[in-house]
């Protein structure tokens, strides 16, 4: 009963998706809606997986400790030399990788964001605490449903801030404690230099005379406010001016003036009313305008007594000292008393707690025999067996569990056991790092753009193109060994012909581990690569010379001058053939038959397909170039209009390219200058030629000539 009772201030799990981890929230309010349901106003906490990798790197940098220590040689001479180092927490170094991985799941990031969620989505309680530097990190792992935080995340600004002020540690910031003095022993310090006297208790004035002087000081303050224009606007009535003049700042200034004038009342009154006019003393309550006071109350309602955030977001033109001073003066006003009574009345009417029964509905991600398709006969599973059957748990690699849950992308067919599924829902990660972790580095990806036209366009969907999805497989040594040791189980040729069938990687890994000791005794014989001799390569290059370079593109004027009527000739389209053996223009036009016959046929009602055409120098319209002027009209039989010709067929778009640099290519890249690198990027079809001076290291300078003869200086 008590476990299902949730109160204001509890940290709870919320479920917003059946496959995603729970949300961690703190209940601020419990409100009852008009239809009778209960909504919880909660404070959001974010996991590491919810924020960007850049902010995660900043959080890890914040977690490093700054160690300060004294240098040995300088301490003897009375000189303090301090060296600051950044080093990792020694306790984190001692933790194994598995515990480090699980400890990251316990870290949260507090936010100031509030949201309202249905109370029926609560799935349990948890505990969240501020990171305690004196506690052991293992203590957070030993307690169930326990989390910690140290930074504040702003989801709007995408920033991280420290939740508490940092205390500087070291000899430069801490005082040196002296030895305890014996009874009657003096410390030898001059107290007059260390302290400033502001009031004499044994003064010649009586209490009645001091009270009368303070009444005169209040009167002077009221008269000064009547003369001040800004004060008369803020305190339009005499009653308000007298109340403002009776505040502490006026009385403290009067007593300080009396002390400076050696408790002579006549001199003190003369100091309160100098020649320029009466002295006006105002505190923060008078300095702040009504709009600033309303902003402060709004900020206090949102942030509480977090004065740093109040200054940054609401009152950046006010100092932190001014805000704190105004807060304590504001607590003495009637406005504060009224708001306190209203909040108490609202709290009485609101819900204090709510009972949520256990959630017993089955999860849609559960894997059962009834909701899966039968396995393929030629696949790894038997007939009637689920495609994921035989797979180990992606987290703990177990093959036995009373309940399995699908996890990850559907095409991966990954699954988790019951205990790892509960861990995933609560902590937002797996017990062990997996292949789906986003922290692992991947290959650099480059999308090629043909002729400068982007393959993926964010404009009209008519011009948008999408290439076939590419992938990159980077195998490990154990995978390459398993291909040879477990060939009869893996059946690589069969798997290559049927890439959609799953492979039982757990069974292959176990079999490879068992056969590995025997295979080490008889080393594998690798097939040697047969390389042709240099003479054969040279002979081939002589018989197959490089084709000549194309002529440079002529200007439009030369094209106009050379346009002459010619007979009809077949048009050769440079588009690449598609899967069905047709060119891209054939798919656009939808015309079959012989190319020569189509050109001699009548237009058949198709637009821009006239028989008469002018032949000139061959020049294609570039995709990224400028079109011909509007006066020049080039009509080509059996071709497309220029606007339609610029559109690329998605089948003709190139596949993605993965470039894996080697040590040799990295060395060559360092030899190129910045201009040569940019030139090669602009013209990728041209070979890069290295000069001999670039390839060879610079020669050392020649030695200076040595002259054995003495130098004679004549007068």
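Along the chain as shown, the residues are counted starting at 1.
Cβ coordinates come from backbone N, Cα and C, glycine included.
The range from 706-710, 711-715 that Swiss-Prot describes as motif 'SUMO interaction motif 1 (SIM)' is residues 711-715. Scan Swiss-Prot for N6-acetyllysine across 343, 431, 597, 626 and the hit is 626. In Swiss-Prot, the feature zinc finger is placed on 393-420, out of the ranges 365-392, 393-420, 449-476. Residue-level annotations in Swiss-Prot identify, among 192, 446, 446 as phosphoserine.
Per DSSP, the secondary structure of the zinc finger (393-420) breaks down as 6 helix, 8 strand, 14 coil. In the three-state DSSP assignment, the secondary structure recorded for residue 522 (phosphoserine) is coil.
Across the range of the region 'Interaction with RBBP4' (656-686), the DSSP-based residue counts are 18 helix, 2 strand, 11 coil.
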